[in-house]
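Asker: First, the structure itself, so that you have it in front of you.
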């Protein structure tokens, strides 16, 4: 029986997130009014989340190639070669809007989705990281959101069985109505067994794998492409529900059918579910796709074609199967207790045809849905340059030691232990360096190789100067990987911005991308995967521009990794890199002086590369006993973190007369490291560094149980540690 078609009104088009000109483009493309299912398909494929229509033009400027890159952007995840027929597969992706509406499930399914992106490529996940941005601590929703998101990330990762080894947590009032949950997953695969999404061959069976389809997550991708308002909490039904135990079964079943050589192409059902997975597989392979929705396993009776095509139920995959392997593949999935259903086949027509109940519900051109979606060159204006702050013009309201006591326990700089202790960071037994250091270190199989992993960005720099902020995010990832002894190899990015229809916001995105591209070229770390999340604003107020950078580096021998903890008393403390006392956009200027202003510190990429190469050499030769990169909070914060980690104090010289004390100790100049070396090796190290033109200054030595600066009162390391560890648990317990 034929159902009565739904009239397509301007209101219905608008509710699907399509602009009037985009709807006119659809009419011209298909030569008729679309059905409701077709409108839903266009809405899913042409939204910002799936099509990158506002950013695609500018993403083309990113460097994506290197001899060690096996797969760059455009697939489920990026792939790099690390030798010995081993490949690392990794990507970072956002789940921002769902996590604000339903923090536990939003964060959990964000982790689940990124894990699927990695194992779809044939890799076994070995580590997760995340970058979490929350509103101001005093905002009434913040505590609830932190609690839910952290529980969701931990609950999914811990149950699935992958360690969560590092990340970032920040608080800022600009995220009050729009938190960010960026999840990164890293997997290990055989370099000659990488599985891609492009279908090949006509008449090949298309198989639905995994969990059943329900009504959860319908319009999830469209919601991720919209701005928020006061009624956004009503969108809770569009948040997907995750089952990490089903995902673990799906992982094992997928890796088993891959090993059995059953797979032509495979794609995870993520944003826009069955629609995007089927369209992407066909479009990438220059093939059409016919789907029969009567064959789709459903969780609820009476689901319409529209609902099935747009559902974002979790733990599902779509595969193009080698026909002769059907019985073997089905047996594997039945063994793991998962659905296996042939729901369609590839065609030579370049049409996307969807049938349900004996009727054709959609018949559309597949290329125009996929890689030929709309592309916008949106108007953008460059962010105005801010004046350079001169440190001598900033009068310190309190002394250096008082400032240290205040900053080390502040929301910006305090320990994140409360967060990472809720994650299982050692499951699998390969975590060499746990959270709390510059980068996580994960052993590969039984060694000797290891991976250095980090996630970095400084949003306040990106707003003040998007170009320098973009450069700094990459440079910070480079330094963090270097500080543990890793050689940075490649990057995944997660670009979180406000409304791209506002020229100043589009200008932030363009500026950050220019800086990121320049840094990636200079530091030889190409972008191999990524994600763009736009429209992160509530009631017209955008987030801070937050291009999260996920970095992956390689250690030839994980036993030679460095940590930030002081190791012994009597060692020389060296400051590597040039210090000018840059206070613009520093934590000190904001939190101690109450001023959010000035140009951020400039990033000299030549100095970053030169200094990083020297520090890695010191680690590999065994000269460096402790290493820490300098970032938020500057020199004195980094020294305090090293002292706290090692339970050893330091006797520090006063800073040079040319730089005022508060700028020397709290300036945030880039390309700097702190390194300790044994006293008997000091002269040799200083001579070598001078010969290669690397600025280096001995600023003190490790000693005792206090941090003491010449001319200032000493402060006990235990007191610093208490202040550093106290704020977050007190806040989450309602005491701060």
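In case you wondered, yes, glycine gets a Cβ from its N, Cα and C as well.
As the structure is a computational prediction, the values presented were derived from the model and not from experiment.
Residues annotated as active site in Swiss-Prot, with sequence analysis given as evidence: 49. Swiss-Prot lists 52, 91, 493, 530 with the feature ATP binding site, giving sequence analysis as the kind of evidence. Sequence annotations record features per position, and here Swiss-Prot assigns Mg(2+) 1 binding site to 93, 531. According to Swiss-Prot, the feature substrate binding site maps to 94, 95, 96, 97, 116, 240, 312, 313, 314, 533. Taken from Swiss-Prot, the feature active site, proton acceptor covers 95. According to Swiss-Prot, the feature Mg(2+) 2 binding site maps to 117, 268.
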Asker: Listed recorded positions are 49, 52, 95, 268, 530; which of them have CA atoms within 10 A of the CA of residue 116 (substrate binding site)?
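Answerer: Near residue 116 (substrate binding site) by Cα: 268.
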Asker: If you measure residue 531 (Mg(2+) 1 binding site) to residue 312 (substrate binding site) at Cα, how many Å is it?
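Answerer: Answer for this pair: 18 Å between alpha carbons.
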Asker: Let me make sure I understand the structure: which of the recorded positions listed (93, 95, 493) has the fewest other Cβ atoms within 10 A of its Cβ?
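Answerer: The recorded positions 93, 95, 493 were compared, and 93 has the fewest Cβ atoms within 10 Å.
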Asker: Counting only residues 6+ away in sequence within the same chain, which have a CB under 8 Å from the CB of residue 91 (ATP binding site)?
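Answerer: Residue 91 (ATP binding site) has long-range Cβ partners 76, 77, 78, 114, 117, 118, 184, 185, 492, 529, 530, 531.
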Asker: Below 8 Å Cβ to Cβ and six or more residues apart, same chain only. Which residues does that give for residue 268 (Mg(2+) 2 binding site)?
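Answerer: Set apart from residue 268 (Mg(2+) 2 binding site) by at least 6 residues yet with Cβ under 8 Å, we have 76, 113, 116, 117, 120, 277, 316, 317, 318.
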Asker: Measuring Cα to Cα, how many angstrom lie between residue 52 (ATP binding site) and residue 93 (Mg(2+) 1 binding site)?
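Answerer: Their Cα atoms are separated by 13 Å.
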Asker: So which other residues, same chain and not among 52, 91, 493, 530, have a Cβ within 8 Å of the centroid of the Cβ atoms at the ATP site?
Answerer: 59, 73, 92, 93, 492, 494, 495, 527, 529, 531, 532
Asker: Roughly how many angstrom lie between the C-alpha atoms of residue 493 (ATP binding site) and residue 94 (substrate binding site)?
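Answerer: Cα to Cα, residue 493 (ATP binding site) and residue 94 (substrate binding site) are separated by 10 Å.
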Asker: Can you grab the distance from residue 96 (substrate binding site) over to residue 49 (active site)? Cα atoms, rounded to a whole Å.
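Answerer: Answer for this pair: 11 Å between alpha carbons.
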Asker: Among the binding-site residues listed here (117, 312), identify the one with the smallest other-Cβ count within 10 Å.
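Answerer: Each of the binding-site residues 117, 312 was scored by Cβ atoms within 10 Å; lowest is 117.
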Asker: Please give the ATP site's span as the largest CA-CA distance among 52, 91, 493, 530, to the nearest whole angstrom.
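Answerer: Largest pairwise Cα separation, rounded: 16 Å.
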Asker: Please name which of the recorded positions listed here, 49, 312, 314, is nearest in space to residue 95 (active site, proton acceptor), Cα against Cα.
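Answerer: Spatially nearest to residue 95 (active site, proton acceptor) by Cα position is 49.
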Asker: Could you tell me which of these binding-site residues, 94, 96, has the greatest number of Cβ atoms within 10 Å of its own Cβ?
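Answerer: Answer returned by the neighbour count: 94.
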Asker: Please determine which of the binding-site residues listed here (314, 531) has the lowest count of neighbouring CB atoms within 10 Å.
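Answerer: Sparsest of the binding-site residues 314, 531 by Cβ contacts within 10 Å: 531.
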